[in-house]
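One structure below.
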Amino acid sequence: MEKKIVLLPGDGIGKEIMESAKKVLAAIESEYHHRFILQECAIGGDALDRYGVPLPDDTLHACNEADAVLLGSVGGPKWDNQPPKFRPEKGLLGIRKGLGLFANLRPVKTFPPLLHASPLKEEIVKDSDMMIVRELTGGLYFGEPSERRNNGEDVVDTLAYSRHEIERIVEKGFESAQIRNKHLTSVDKANVLESSRVWREIVNEKAVDYPDVEVEHLLVDAAAMKLITNPSGFDVVVTENLFGDILSDEASVLTGSLGMLPSASVRTDGLGMYEPVHGSAPDIAGKGIANPIGMILSTALMLEYSLGMQEEAKAIESAVMDCLEQGYHTADLKIKDGKQMSTDEITEAIIENLTTKCISDSICSSYV
Ligand SMILES: NC(=O)C1=CN([C@@H]2O[C@H](COP(=O)(O)OP(=O)(O)OC[C@H]3O[C@@H](n4cnc5c(N)ncnc54)[C@H](O)[C@@H]3O)[C@@H](O)[C@H]2O)C=CC1
Ligand SMILES: CC(C)CC(=O)C(=O)O
Ligand SMILES: [Mg+2]
């Protein structure tokens, strides 16, 4: 198969982990005889430095023409004092909105070899397996007005949603629950926010169309607590943009590191942008120690969801698991034994597992 993929490395460790994704894609190409046409484009601070804007038109155009998009991460202290329109994060928000990627799917599943790497007790984290379905193109991150007033004495941000925006993400949540364990937790702040009360009404209306799915409503503060006291009680979580952003970073603690979590940002026609959950990690950027697993698993999600390569995606996931079982890990995972590796070393270890598995299982031959 021939597929066109746009790569948006971005800033900080985004550039480093994108190199890992490229190596994994090259291994998949050679093992499965595919051809990936890769086009690298600028976004975030990198785009600001090179073109003066965080999302150049050419980048958006290239992404629209592609079969899928892979993103590293954006942002960093260098651009923190830019005016709002010229912050790297505006580039990320702009590409999500520009491509209409309204649903951000963030799977959170613990890895058996890493149960002891979580700061939470092993018996608490051990059966965690959830999908956070986060609304991605509405809410506080996009609402207008968003500005300082009266010489900075007052400030306003706006949380706005249309019925349509809520309906489509809630439907995505129900659909995801139907193919998983048929339990949907809708997270809101309906005791305070009008937008949450409408959200809750829409969830209850939609529930009629999905009688096989059990629905539960949780206020976001209680959800944050339950996420770390009883994480295995969640199957699918559907929530608005800001709550989903915060809860997914919190949920990453179950796996041992924020660097482990992948995500898929999708719309209805199959185009998707795939990105790790974490940011550009300026504190470790340039040291060669970033954990590339969230990025590599995002690459697997891209193969599965946008490129129709389920077998290849499984091969990557199982190579990652093998690597963790062999005791290999990066410095962010607090593990006493095992072997600590750099970004490049662990990428090579994953690729070694991928290619060895391909040869020994002969799973690739059917794709020749
Ligand atoms: N999707 C994106 O591009 C996102 C961008 N950001 C941006 O990233 C910049 C830094 O934000 P922070 O709050 O520091 O969040 P962050 O997610 O970049 O880092 C938080 C902590 O997790 C660690 N970490 C994150 N990913 C890691 C990895 N793969 N391997 C090892 N350790 C990892 C970092 O070293 C840091 O200690 C900001 O400019 C922010 O706006 C933040 C979140 C998402
Ligand atoms: C940098 C933000 C715009 C987004 C974020 O933190 C995220 O999508 O996880
Ligand atoms: Mg975030």
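Using N, Cα and C of the backbone, Cβ positions are placed for all residues, glycine too.
Checking the candidates ARG87, ARG106 against TrEMBL: the one annotated together with ARG96, ARG134, ASP221 at the substrate site is ARG106. Separating the Cα atoms of ALA285 (NAD(+) binding site) and ASP249 (Mg(2+) binding site) is a whole-number distance of 19 Å. In three-state terms derived from DSSP, PRO88 (NAD(+) binding site) belongs to a helical segment. Comparing C-alpha positions, ARG134 (substrate binding site) sits nearest to ASP245 among the recorded positions ASP80, LYS189, ASP245, ALA281.
Checking the recorded positions ASP80, LYS189, ASP249 against ligand 1, not one has its Cβ under 6 Å from it.
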